Every structure is written in structure tokens, then in C-alpha cells.
């Protein structure tokens, strides 16, 4: 708890600075500035300065110990031609798509069913939300055993119906399917609860009007529910994109013991090496801080790009 | 009569599908329980075990022999509890200011807060590591606690809550009684927004308890780590692994989290939905 005094000290500095100025406003409001200052000071020290420093770093070569060496744009030039980085983008997008589309479908289905089931609603919501609060590390360990080649449950089921075993964590597609299944399991219930909240804002008169007009349940869903659920869908899609494209823990824990030299390797043939895993490998295994910073900016651009694409896709469909 | 029968049949079908979903949600937990109660050779045998075995205590013992379980759990609790209290204090104080007071630069500072929401964590990790190595925080829990002590999400969330929950008349009345700013915060604002604080507190605690990427990098001493990192070390040994033991660790690490979730589930599920459609 030695951190508390350290945190309370900086605000005093801010309080002095405005008070020293002749402006009456600051003297009158100084206590308000002090009250909001902790967040801004923390952000300055652990957000703004680091982000600026990482931009500076991406124009240099640095192993974290010796002296920095000016590198100009060469880190970025290398990034563009780095097939490992492009492969990691591909891995990330495939895993994201394999996880997100089933997840959104299942979440919406669950939400629609929960919205009409009156009894036990709270029991269902509690159970469906549980996967999301459990730690990814524990879940990845558990899923590692479910997908294990030798004793995994999935292979036991396959064997029971007479299908050959699959080396899930040893083949490129098996790895991606295992990671995506984990993500789908962890996020379906969470998003179902978000969709349910969206569904509950739709006035029941609209459903009644649809029924009077003779619309069946399927027609009602596509004509009434889905259009009105679009803002919620947009929220879910953007959040899934931002978190999904930055996935790290799932693949790291699931595949960390498949290689002797790096815990960030992403499994055989690096098939599960996501963008963020590649960033950690370059930075903390190769001690290439300059290139690591360039990779981080590359990831940032990819995430921003795909968030915009998602946003526009969902929005345009809404305008038609 | 026919339509009542039909709707009842539909209701049964609906619940059947929902129960299947429920079982899928719960199954990995059950699977972890099964594995944590068997020896490795039992786990490796075919057909797979589907009922709990009798080796749980044996697995617990080898878990405690292999990692400093209670030390790691203490570290996790230290970090999660400290961060939760710091976040509750700093975020609610800032939120109170943004929700109820006018001052020069308020709009600009709040817009900045919203922009900060968007800054991705990867970009800051390397410099954060370098800075903390310079000031000697790397390897200690301070490296996890201090940067997390206040956040944009919590301030935004509490501000939304306080704007409607705290009535201006109440603040005016307390001012007439001679209450200063801190008294207003402590005696007028906080008691009214307890449900909002509960959500933020549970949310923060769970997030910190589960945090992994930054602790993995920042905690450079393998004997002094949080529970998630310790679990990962246990799982990460190349070659053969004692799965019963690893699974026991994963299961035990979930218990504090499940307790916190069980206490606050109703609140957190209700508020999560509200936040998304706002």
C-alpha cells in the first residue's frame, strides 16, 4: 500500500501551478482540478508519454540496453515486407472470423429465445454470463485438454462415432478452430445479454402490429427485430473486432508449450501466432524494441481499419 | 385448446434449447472438476472419465508443492483489491466533478477523456516497461497497481450514473449547511451512488484478477507473480505435464472470482445491458 502516498503527491503540484497564476478562475476552481487530476497524471505518465515514446522508438534500432540508433523509416519498410507479420494478420483475421460470426448468430438466437421465455430468465442469464467472467488463462488450460490429441474429449467423441482422431493443436486449421471455439464459448453469453437489452427496448406494439398484418415469426424477426437491433449489433461487432483482433492470451496459453525456444511462437508453423503474439515475440523474446514498436503501430492501423470497415458495412445496410 | 397446447409445446422446445446452451456454458467447468479429481494416467486412458474421481486432495497437494499457490493468490488479491479501491475513489471523485460542477475547460477535459478511451494498450507497453525498469518497479506489484489506479471507463460510467442519481437540490442544501466540496462528495454523493460503485468495483476486481499480458511481462521474478501467471507457468512446461494438477490449479484460481460474481451477478448483468444501449 506504499503506492497511495505516491499517488496523492502529484495532485498537489497541479494545485500549486494554477494558483500561482493571476487568473481568478483557477483560484476559484482549483479543488475541482485537483479532484480530476489523478486520472490525467496517470494517463500522462503511463499513456501519453509511452505512446509518444513508442512512435519515436519505431524510428530507431534498440535492444533495450545499448544506445539507440536512428533507423529512419527502415523498421516500417521491413514491416511491409515481413511475411511473418502478414501471416500473423491472416491468422488473426481467420480466428476472428471463425469466432465472431458463429458467436453473433448464437448470441442473437439466445437473446431472442430469452426474450420470449418468461420463466427462469435470471437462471439462464447467470449461467450464460459465467464463461465471460472466468479467466482466459484457466479457460485456455481447460480447452487445451478438451482439444488434446491423446486424451481430449473432442477426439474421444470422434472416436466414438468412428471418425479418425484430429491433432487439433498440431495442425494449422485445428489450432485456429480450437482458439475460435474458446472465444465463441467465452463471448456468446455476454453478447446475448447485450442483445437481450437491445431487444427489450423494442416496443411490443410493433410486434402486435406485425402479427395483425399476418407476419410469421421468421418474417417478424427480419422485418421488425433485426432493423431495430442494428445499433446493438453495431456495438457488438465493433467491440468484438477491437478485442478479437488484439487477442493474445488464448493462443499464448493454449500453445505456449509447443515450442522450446519461444512461449509466443503460436504453435506448429506459427499457425496460431496472432498479431499481438508476434508483437510480444519480436519485443520481449528478440529484444528488438524498435521493430516491436513498429509492429505495435502496424497492429493499431489494422484494428482501426477493420473497425471502420465494420462500422460502414453495418451502417450502410441500415440506410438501404 | 389446440393453440394452448401448441404454445405449451413451443415453450417446452424453447426451454430444451436454452438448457442445451446452459449445459454447453457449464460443461468446461464440469470437465475441469473431473480432471482435477483424477490422476494423469486415469486422464490419459480411454474412454474418457465422465464422473469425478477420488484424487482431488492428492492433486491439490502436488499443486501446492509445485507453485507458491498462496503467495501468488496473495499477490493477485493485493493487486485486485488495491486497484479496485483506488479506482473507486479516483474515478468517482472525478466523475462527481464532471457530473455536477461547472469550471473552465470542463468540455475539453471530458472530450480528452473520451479520446483516451480509444488508445490501444499495445502502443504503450514497451515504453511502460522501459520507464518502470528505470524507476525500479519491474518485478513488483507496484508495476501493476499504479497504472491501473484510475481509468477513463470508470469515470465515464460514474458520471452517467451521478448525473441522474444525485439531485442538485441535495447539493444546494448541503452547501447551505456549510459543507465543503469533500464533504459533499463523501456524505451526499457517495451514499446515493452505491449501486453504481458496486458495479464498477466488481467489474474492476474481475478485470484485475484475470489480467495476464502485462503481469506476464512486468513480473520478471518467476517466484513472485500473480495467480494467472503462476498457472500459465504450470501449464507451460514443455513435454509431459501433470494435467490433474494443472486443472486443480485452474479450478482453485476461479473460486474467488466466482464468489465475487455470485455476489454481484444481478447488478452486473443488469448494468451491462444498460451501458450497451445507452
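Glycine is treated like the rest: Cβ placed from N, Cα and C.
Note that the structure is predicted; figures quoted are calculated from it, not measured.
Among the features that TrEMBL reports, transmembrane segment is placed at A:32-59 (among others).
The domain 'ABC transmembrane type-1' annotation in TrEMBL covers A:89-310.
Here TrEMBL flags A:93-114 (among others) as transmembrane segment.
According to TrEMBL, the transmembrane segment annotation covers A:126-147 (among others). Non-local neighbours of the transmembrane segment (A:126-147) in the same chain are 110, 153-154, 168-169, 174, 178, 181-182, 185-190, 192-193, 249-250, 252-254; each lies 6+ residues outside the stretch with a CB under 8 Å from one of its CB atoms.
Residues 54-55, 57-64, 68, 71, 75-76, 78-79, 85, 89, 92-93, 234, 237-238, 241-242, 245-246, 275-276, 278-279, 282-283 of the same chain sit 6 or more residues outside the transmembrane segment (A:289-311) yet have a Cβ under 8 Å from a Cβ within it. The transmembrane segment annotation in TrEMBL covers A:289-311 (among others).
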Intrachain residues whose Cβ lies under 8 Å of the transmembrane segment (A:93-114), provided they are six or more past its termini: 121, 124-125, 128, 176-177, 179-181, 183-184, 187-196, 198-199, 221, 225, 229, 233, 236-237, 240-241, 244-245, 247, 251, 272, 274, 306
